[in-house]
Amino acid sequence: MNVLWIIALVGQLMRLVQGTATCAMYGNCGKKSVFGNELPCPVPRSFEPPVLSDETSKLLVEVCGEEWKEVRYACCTKDQVVALRDNLQKAQPLISSCPACLKNFNNLFCHFTCAADQGRFVNITKVEKSKEDKDIVAELDVFMNSSWASEFYDSCKNIKFSATNGYAMDLIGGGAKNYSQFLKFLGDAKPMLGGSPFQINYKYDLANEEKEWQEFNDEVYACDDAQYKCACSDCQESCPHLKPLKDGVCKVGPLPCFSLSVLIFYTICALFAFMWYYLCKRKKNGAMIVDDDIVPESGSLDESETNVFESFNNETNFFNGKLANLFTKVGQFSVENPYKILITTVFSIFVFSFIIFQYATLETDPINLWVSKNSEKFKEKEYFDDNFGPFYRTEQIFVVNETGPVLSYETLHWWFDVENFITEELQSSENIGYQDLCFRPTEDSTCVIESFTQYFQGALPNKDSWKRELQECGKFPVNCLPTFQQPLKTNLLFSDDDILNAHAFVVTLLLTNHTQSANRWEERLEEYLLDLKVPEGLRISFNTEISLEKELNNNNDISTVAISYLMMFLYATWALRRKDGKTRLLLGISGLLIVLASIVCAAGFLTLFGLKSTLIIAEVIPFLILAIGIDNIFLITHEYDRNCEQKPEYSIDQKIISAIGRMSPSILMSLLCQTGCFLIAAFVTMPAVHNFAIYSTVSVIFNGVLQLTAYVSILSLYEKRSNYKQITGNEETKESFLKTFYFKMLTQKRLIIIIFSAWFFTSLVFLPEIQFGLDQTLAVPQDSYLVDYFKDVYSFLNVGPPVYMVVKNLDLTKRQNQQKICGKFTTCERDSLANVLEQERHRSTITEPLANWLDDYFMFLNPQNDQCCRLKKGTDEVCPPSFPSRRCETCFQQGSWNYNMSGFPEGKDFMEYLSIWINAPSDPCPLGGRAPYSTALVYNETSVSASVFRTAHHPLRSQKDFIQAYSDGVRISSSFPELDMFAYSPFYIFFVQYQTLGPLTLKLIGSAIILIFFISSVFLQNIRSSFLLALVVTMIIVDIGALMALLGISLNAVSLVNLIICVGLGVEFCVHIVRSFTVVPSETKKDANSRVLYSLNTIGESVIKGITLTKFIGVCVLAFAQSKIFDVFYFRMWFTLIIVAALHALLFLPALLSLFGGESYRDDSIEAED
């Protein structure tokens, strides 16, 4: 008896040593419904399961791993192990790329189902009856160690699922953000959706009353575990570290290095300047150019104010004399043959007008406006469109409540009706609707509608439950799939993660039809939305594919330009009046008509060469040419008036010819400087800007020709018929302002130089603060509906634009090339495309996981994913999805597929399996390539010639963001020297200019300044004065640059051309004064001070009246333009130019010339004023 007791005791001890089972569940006891799953039977803790059979043990090892090989007792039957295997295989296609996550996932459910100590961490809390009237588990608690759960979640959270361009966690964990959400999703009862057949509640901190239980805390593997290491794309810890990017901005504290250097240099120069000024003042004891109470006559400046480089020259300027003689003959021919000149002019205008009406076209396509067809990015866009199809036509609508949450049940009801009408009923004039044009992921799919309504598949939810349902769908989008079967993340639909408190929701419709039918439907959509009655407190903004081009074309400021013309005409009529106050109405009209004629001639001439105009050219060029062209009319007319005063014995023709001889070299010099600057601007490759520069150049040339011929003829005819007798007398009244106010300011010329120099150096400090970009809201009229849309995109859109990495000419049938692309396998190159892009997500604007078709293709072949690549047994025929599993076998057998890529197809096999994959649907295998990748590859029977790998930028909310995103795309795509590839995104083509805009700006402005110096040196025959002219123009541009930073004028191709134009206009302010200072009558004193006074006496009035005030009046009108692009880039820049250039020309330049000006030449063509 004792022996039997001892044997029994030993047996019990052996069972304990070998792991006697403590079960909570064992076996299956039936279903809750006909279509439900088999549910386990609850068992008491005293229950002892039988020893595992060899067959069950072998199956358990196959499913759960080698560590189960020695297990003799388990809390599961063979049927449960089979069911466990089937359920685990559902998750394998999603997480098998990360062995650590897969191992942890399998371990959790293997222990939950079969562990011998199951009863120690599983507590059944609810039992129900099956259809067979047996007890079945309905709800239970699992006690889980929180550290184990956290490491489990961390091993899985970054696994990418390329087919959705998202994360596997979105599918297996409902988008969980932490381990508790992850396990809650896994444990929530979802029997009809393929989830848990009963409720599993995971608990992490045992309460006092739960101390009898133990926490599940088996071995867990990190994603960078040596044995189960995951690929870089799925595990940040496994990734190599990229070299840090060089910071392109040098700063010392908050200051750019350039600004700090300028400040230091400025401080040193300022000390020397004040010392110089103080010593000069002390030495001269306050001496000035003129006595405060005496108004000087020409040549009466204080001789103590000597030029630093004073020299005298009584020679004539040979080049100036030749030009004067040439244009004297032109003027003589014009006054002697006025009718021939005018008839020829009218005939030319008629011919060019005919050409315009017959052949001229306006360029309105935004792409053709902003990107050169020779641009690399334009060619890349063409390549993408030709090979992968044009990007979707996008219709996007924002519904916004700026004061509170946008969502209420009333809003839902209203929007469900609106959206249903748009997608189902709204039709164009051709009876074409959204269903006829929309994007469908597959041929048998429904239309893609990216809207929160699709969480409910377009059916209005119940009033009592809509908030709860919407929140659940927002947390777990995979549970609320729309009819097109793609999860919709909340960042795509709402302005905030807290969707019930979001201020806006976004609806996006996608069209793939790029025909006139799509245009007409979009026009109908636009009409409908503009007339849509919106509930109180809400507003909508929207954009259709045709909106931008249409609104740009509606940007009509012709009335503003017309008013500008009228204002300058009225001013010209007044400013050209005679000394007795009588106006010269005809001359004012003539000047205006000549400007218009030059524009017409230029447009017709360029039309012959196929150069298209744009709306901006049509609206801005007239103003620009009027602002430039009217100046020469003032110069000619004022010089003629001076001849009338000084040479009354001359005939009218002689006075006009003399005026032309005197002013023509100056006019030609200014004309060449301006046209040269405009031609330099033509080097900008952006078509709108390039064409603008060409039109400006040709218009200025025609304007100059017509002014020196047609206007001269009109002036001759007008003066002869008016029979005007010159009034002579004292000119002190007329010149009193200049002689008392202006010249007194000039007496402080050293102080003026110090002030302007300080201004210049201060401006240099601000230059690094100039921002790059061209805000889209500036390009459209301010009353356009697109203004609100662009603002809402920046404020409320939480998804960034897509990026496509296009790889060409790479033979992917070879293993070595496959390893340059892949990311999910252990032998992928360390710096493969997938690995580098995974790392770039952490430091660049590209933040979405890469949709890597090659990885998905190879994962599709994984035999563990037995619903993916299948062949009919014994044949090479593909098993259709509906074919029973027993009649199919996986393409690769167990053991022939490995994460080290051994056995992966190459050569001909690669293309054969590719054909199977690319035609496979996503159901039942999510890795099937047809839906996500059917348009991502260009291939034939032997090779893949090109393919795209999709990712996306983070939300871009400013022009700076867009520029940085473009730079990132270019930088990353160029970091693979062994690959023929480029990055493409629909917006890239508009940001090409910014890649080299900074250096280009310096080159073009520098070239323009050098050109001015060269031309002025040729005309003036004086290096020193030419240098001072170029210096003053440089200072004008630098000061304008600083004001651009302060006034919020960004640098882009438009403002760059304006800067070049500013160089040309800045020359106009200064060049006539410099030439008048250099070429003087023989009777004028040759010292610098006397020449400055002579220049201001003769040219100063024309600069003020003909140049400064004319431009000021014309520019001010632009402030009332509808388009902000006029306000910012034309009104602000040109207004700034007028003020800055006038101050420099009328104050700084005379002071500079009087101190440092070059030698003079005698002008024998005129006599000095008395």
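Every residue gets a Cβ built from N, Cα and C, even glycine.
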From CYS75, CYS76, CYS98, CYS101, partner that Swiss-Prot gives for the disulfide involving CYS230: CYS98
Cysteine paired with CYS75, where Swiss-Prot records a disulfide bond, from CYS23, CYS156, CYS223: CYS23
Disulphide bridge to CYS868 as given by Swiss-Prot, partner from CYS677, CYS822, CYS828, CYS925: CYS925
CYS76: disulphide-bonded cysteine as recorded in Swiss-Prot, out of CYS41, CYS101, CYS110, CYS114: CYS114
Disulphide partner cysteine [Swiss-Prot] for CYS891, chosen from CYS869, CYS879, CYS888: CYS869
Candidates CYS29, CYS76, CYS101, CYS114, CYS156, CYS869, namely the disulfide-bonded residues, that fall within 10 Å of CYS223 (disulfide bond) by Cα distance: CYS101, CYS156
Integer Å distance between the CA atoms belonging to CYS75 (disulfide bond) and CYS114 (disulfide bond): 5
Positions on the same chain near the transmembrane segment (616-636), where near means CB under 8 A and six or more residues out: 362, 556-558, 560-561, 564-565, 568, 572, 575-576, 587, 591-592, 594-596, 598-599, 602, 659-660, 663, 666-667, 670, 674, 688, 691-692, 695-696, 699-700, 703-704, 707, 711-712, 715, 1061, 1065, 1068, 1072, 1099, 1102, 1105-1107, 1110-1111, 1114-1115, 1118, 1125-1126, 1130, 1134
Candidates 556-576, 752-772, 1054-1074, 1099-1119; stretch with most C-beta pairs under 8 Å toward the transmembrane segment (1133-1153): 1054-1074
Three-state secondary structure, which DSSP defines for CYS114 (disulfide bond): helix
CYS480 (disulfide bond) to ASN401 (N-linked glycosylation site) - Cα separation in whole Å: 26
Whether the transmembrane segment (1054-1074) meets the transmembrane segment (341-361): three or more C-beta pairs under 8 angstroms: no
Set of same-chain residues at least 6 away whose C-beta sits under 8 angstroms from CYS64 (disulfide bond): ASN106, ASN107, CYS110, CYS114
Contact call for the transmembrane segment (667-687) and the transmembrane segment (556-576): at least 3 Cβ pairs under 8 Å, seq gap 6+: no
Sparsest Cβ surroundings (other CB atoms within 10 Å) among the disulfide-bonded residues CYS41, CYS114, CYS891: CYS41
Where CYS235 (disulfide bond) falls in three-state DSSP terms: coil
CYS75 (disulfide bond) versus ASN123 (N-linked glycosylation site) - Cα distance in angstrom: 14
